[in-house]
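Asks: If you look up TrEMBL, you'll see 417-444 marked as coiled coil. Summarising the annotation, TrEMBL assigns domain 'GGDEF' to 475-606. The transmembrane segment annotation in TrEMBL covers 29-47, 221-243, 250-266, 286-306, 313-333, 339-360, 372-392.
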Amino acid sequence: MEIIEKSNIHRWMFFVYTILQMVRKSKGFIFLFFMWIVFICPVGISAQEQIPPIINLEQISDYYFDADPALGIGEVSSPEFSSHFSPVGGRPIWTGKHAPASWLRFTFPLDRLGPGYEVGSDIEDRAIQWLLLVKPSFSIILDNIELYVPRPDGGFDRFVSGAQVKSNPAEPHSRYYFFSLPADAFKEKPCYLRISSSTDVLMSVELVNASLFAKNQAQSYLGYGLIFGIIIAMIIYSLFLLLSFHYSSYIYFIFYNISIGLWLFYVQGFAKAVFGQMPGFDQAMLWVWVGQFITWGTIFTISFLELQKRSRVLFYILAIAAVLGGLVSLAGIAGLNEIAFTMSHYLGIIVPVLVIFAAVLQVKRGYRVSRYFLIAWCSLASGGLMFSLMGLKVLPVNVLTRNAMSIGLAFESIFLAMALADQFKNLEVEKKKLEAAQDHFRELSLTDTLTGLRNRRYLMMELGQAMKEAFQNREPLSLIMLGIDDFKLVNDRFGHEVGDDILVSLAHSVRSCTRETDSACHYGGDALVIFMPKVAKQDALRVAERIRTHFETESLRVINGETLGATISLGIVELAGEDTIDTFLSRADAAMYKAKSRGKNCSVVM
């Protein structure tokens, strides 16, 4: 691993990591409580709203399922076709490839709308309070919605909306499809709603007060504002991690979060609410981003869990899933909505199961950072499973199933951030261990194993730097070279083990008599070299004499009844202006041999 210098980025990362740890250790319930406030309380508020309530029209509607697409309102509203309608009776309301057109027939229940809506009363002013709201499971794949309101002359007023209908510039943008109702809708005559789509989609149909609709919409925007805020925060956090560690998982996590955000933006109707209906383009973008969501989610999983080296089988399976996610995107661009729909829903069930299995496997194998990853994907899988089962018409369309995926993604983002924070901590620990190991091995590479002093490699590296600093600062630098007198005779007479022991004693004497700023090195054989920054040669001579007398005492020992006492000769030189490393060492060597020629056990300054 590359050694990374501390930087401002690291300090920011430690700050973010600390915040995430606070959430993980003690404050997680705050997030859960906030999510409850944002997503669950609005449901309770809506249920308790008294003036006026939401009325689910499925409960009072008749349903003509899988009607002939060629039928018009004239035929469907005729007495001959009345028998084709039957009460909804808890059946899911849907349309799609295998049921390209269906009809709902309903009469607005005036007795449930409050005072002032009695038969014969003037309701012109009150009618504008109401909206007919169609809430599909996927707001941008319900192709066409036609509302028929009876007129007094026996005809019908037709109102049109849907994913394949371009928005009216004067129409307020919304995540869902709604119709402002004329007064004729409240005359106790049946209204008709025709729904058609090329892709399977479930829906709920509600009569809702306009002010309550605006309030509920504001609450949903608040909740999704939190979710989009979390996603953006995770992208920024991952960018910091990427700049700090250059780890590929963070790139994949960034793309994963971008895909999540854009997919939610389209699937929850925010693109429609912000930009208005863009027929064809919105659907294509939905499948593009759900495909990218699957692709980058599996790639991130492969990288984060290191499956390429930890589990080759899971690596290949998830790699195939990533490719299939890319095919979903291509199907969306090509307009193959039914293929994209089917593939994405089955992948939405299969991929989380595979990812959770991979995470469990890595946790069991002791890969710690997989814990939060596992919790994150369990959160996503819970929401994703409900969302996919709703899309496959196994579960009904309601506030929970419609928002299950979004809530799961919010929880997943939090726990994935914790997983990344945990990984960040592990990387920091590993980096420090690596730095310590490198420092240790560097010390070993520069240390003489026998004496514990620095070795010749260190001497040649550091002496040049010390000479450069002495020249630049015009300060003295002295060099002492010392060797054990008659060391060969000691080895021959008493053995190399005793000779090594004598050399270790000399190293101890040198350490005892020199400063921490002085560098003592084993030069080779019985010779040691000491270079002393900011020390003149006369001061170095006094240090040399202390070493000589200290060693003369310390070297005394009895070997097999025979007394052994070793001595040393020392040469001292001071750095001169024309010196190089070689000439500096050569002059010290000459001074040491001059001391030996003078009878040994002495110091000579040159």
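Each residue, glycine too, has its Cβ placed from N, Cα and C.
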Asks: Give the residue counts of the domain 'GGDEF' (475-606) per reduced DSSP state, in the order helix, strand, coil.
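Replies: Result for the domain 'GGDEF' (475-606), in helix, strand, coil order: 61 helix, 37 strand, 34 coil.
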Asks: Is the transmembrane segment (286-306) in contact with the transmembrane segment (339-360), using at least 3 Cβ pairs under 8 Å (sequence separation of 6 or more) as the test?
Replies: yes
Asks: With Cβ distances under 8 Å as the criterion, find the stretch in 250-266, 286-306, 313-333, 372-392 that has the most pairs with the transmembrane segment (221-243).
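Replies: That would be 250-266.
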Asks: Quick one: find which recorded stretch in 250-266, 286-306, 313-333 has the most Cβ pairs under 8 Å with the transmembrane segment (372-392).
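Replies: Highest pair count goes to 286-306.
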Asks: Can you work out which residues elsewhere in the same chain, 6+ from the ends of the transmembrane segment (313-333), have a Cβ less than 8 Å from its Cβ atoms?
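Replies: Distant Cβ neighbours of the transmembrane segment (313-333) are 283-299, 301-302, 307, 339-340, 343-344, 347, 350-351, 354-355, 357-358, 361.
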Asks: Determine which residues of the chain contact the transmembrane segment (286-306) at the Cβ level, with the cut-off under 8 Å and only residues 6 or more beyond its ends counted.
Replies: 138, 140-141, 248-249, 252-253, 255-256, 259-260, 262-263, 265-267, 315, 318-319, 321-333, 337, 340-341, 344, 347-348, 351, 355, 358-359, 362, 367, 369-370, 373, 377, 419, 423
Asks: For the coiled coil (417-444), report the average pLDDT of the model, please.
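Replies: Across the coiled coil (417-444), the average pLDDT comes out at 77.
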